[in-house]
């Protein structure tokens with residue numbers, strides 16, 4: 001299969017939404033029956049985002065095969081059916097590490113290692129390898145044109161486009177067209193300068209996607225086309241919308257997909273966007289509203305919980321409920337009390353690392369249990385629910401995780417030293433293992449117990465969900481907690497690790513060690529989140545048993 005490439009770059013400012021624009025194009029092309037994949041090239045020197053602060057970089061998205069990747073890959077999976085893998089995201093750090101490893105091994109036979117050709121060739125090789133077996137590969141380069149970090153990537157995609165030829169490669173550039181209220185018009189000069197910068201490194205964009213708070217007037221589109229060397233029909237307006245799921249329809253109405261198919265000589269049927277139309281309809285026509293409290297410590301940057309936020313929205317669509325997320329800093333609960341949780345229809349405690357704010361999360365789990373408020377715990381959210389139950393119901397005073405208190409009398413959560421992965425291999429870790437890339441990562445099989453809420457929600461005896469953790473329930477103390485009434489409803493493939501717990505004495509109290517948010521999509525939702533939001537709706541209407 002011959003793969004055609006669309007390289008996506010951004011200019012003027014960062015955070016314009018390259019990932020959303022690229023994913024929207026991918027969604028339309030997929031709706032035309034084409035097999036599409038996506039890639040994100042990140043210019044930073046970290047090998048992967050696994051050890052980066054969520055408040056700096058946003059969430060780390062975990063793929064099925066266990067790669068810790070950029071949050072844009074989450075957008076890709078929510079917009080198209082293709083599952084991302086380790087090959088769909090790589091960083092400058094990863095490329096340099098691989099090249100230096102080869103140099104040490106002697107693979108270059110004594111050559112002087114340089115950015116050109118060695119680094120650029122390594123980037124090109126990875127792009128080609130990551131796109132095999134698809135009709136179209138959309139390759140997004142992180143950062144902004146002009147950044148020094150992205151130059152090797154820009155040079156690599158320039159070379160690749162030359163080698164592939166015009167019939168197999170094209171460039172889409174996303175830029176900002178600001179509206180100046182004082183002048184009463186949009187300004188095209190930043191876009192012209194951005195394209196000029198791109199031309200200076202040998203790249204002529206074929207499509208310009210113009211971000212603005214309004215549609216670009218026809219005269220301004222003509223001006224952009226004239227001064228940026230693109231056809232007028234290739235100047236696409238991407239105005240601000242109240243839902244990112246409206247963007248595929250917005251850009252399709254301007255013929256973005258036709259530009260691609262014409263360029264590559266692809267004869268494909270018209271895009272069927274009926275699934276996206278259904279999503280937009282559900283979003284615009286809710287029958288009720290719920291407020292869900294998200295108790296975390298990275299709340300100053302909502303992107304730190306991007307997939308959880310989106311999964312809650314998807315669950316709202318499935319239940320025809322408008323979901324409002326109220327972020328609650330777990331440290332504030334420690335200082336101001338659980339009164340901060342009053343008036344919520346449900347409580348969600350997401351994943352996290354480190355002891356800052358952990359007692360606030362434990363108190364949130366206690367509040368939900370005692371007040372019969374729907375509770376969903378994810379990763380650390382499951383562990384704090386277990387710790388709270390052990391302390392306050394099972395009589396294990398001072399129970400904790402060894403992540404936060406190595407001297408606790410009741411270490412109900414401890415480091416996983418050994419587990420069996422999806423392929424049957426035994427993975428081992430110790431306290432001295434590196435932080436980066438050493439967690440239990442990726443999709444794992446989980447057995448669900450009969451007669452549990454988890455089994456009822458999923459409607460299946462076995463499921464596959466993605467993990468990202470290095471601490472687990474301590475099996476030595478597990479019987480004591482179960483005897484006190486907590487139900488273990490999900491177990492790992494070898495039935496040795498606890499994957500899900502629930503409280504049978506509570507109307508809806510479910511927690512999972514895995515991250516269900518990574519597999520939720522706007523078209524399909526996710527059973528765990530759908531059940532959680534449904535319970536929140538019942539609670540808000542007073543239908544919950546107290």
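Cβ atoms are placed via backbone N, Cα and C, with glycine included.
Feature annotations, courtesy of Swiss-Prot:
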BINDING   14, 147, 148, 149, 187, 188, 189, 190, 191, 192, 223  CTP binding site
BINDING   15, 16, 17, 18, 19, 20, 72, 239, 240, 241  ATP binding site
BINDING   72, 140  Mg(2+) binding site
DOMAIN    291-542  domain 'Glutamine amidotransferase type-1'
BINDING   352, 380, 381, 382, 383, 403, 470  L-glutamine binding site
ACT_SITE  379  active site, nucleophile
ACT_SITE  515  active site
ACT_SITE  517  active site
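Distance from the CA of residue 187 (CTP binding site) to the CA of residue 140 (Mg(2+) binding site) is 25 Å.
Summarised as a single figure, the pLDDT of the domain 'Glutamine amidotransferase type-1' (291-542) averages 91. Neighbour density at the Cβ, taken as the number of other Cβ atoms within 10 Å, is lowest among the binding-site residues 17, 19, 381 for 17.
With a 10 A radius on its CB, residue 148 (CTP binding site) counts 8 other CB atoms from all the protein chains.
When the recorded positions 15, 17, 517 are ranked by how far their Cα is from the Cα of residue 352 (L-glutamine binding site), 517 comes first.
Burial estimate for the recorded positions (72, 403, 517): highest at 517, by number of other CB atoms within 10 Å. Rounded to a whole number, the C-alpha distance linking residue 470 (L-glutamine binding site) with residue 15 (ATP binding site) is 32 angstrom. Rounded to a whole number, the C-alpha distance linking residue 403 (L-glutamine binding site) with residue 15 (ATP binding site) is 35 angstrom.
Secondary structure at residue 140 (Mg(2+) binding site), as computed by DSSP, is strand. Same-chain residues with CB within 8 A of the center of the 352, 380, 381, 382, 383, 403, 470 CB atoms, the L-glutamine site residues themselves not counted, are 351, 353, 379, 384, 401, 413, 469, 471. Counting other C-beta atoms within 10 Å of each candidate's C-beta, the binding-site residues 14, 15, 191 are led by 191.
Neighbour counts of Cβ atoms within 10 Å were compared across the recorded positions 187, 223, 515; the minimum falls on 187.
Note on the recorded positions 379, 380, 382: the fewest other CB atoms within 10 A surround the CB of 379.
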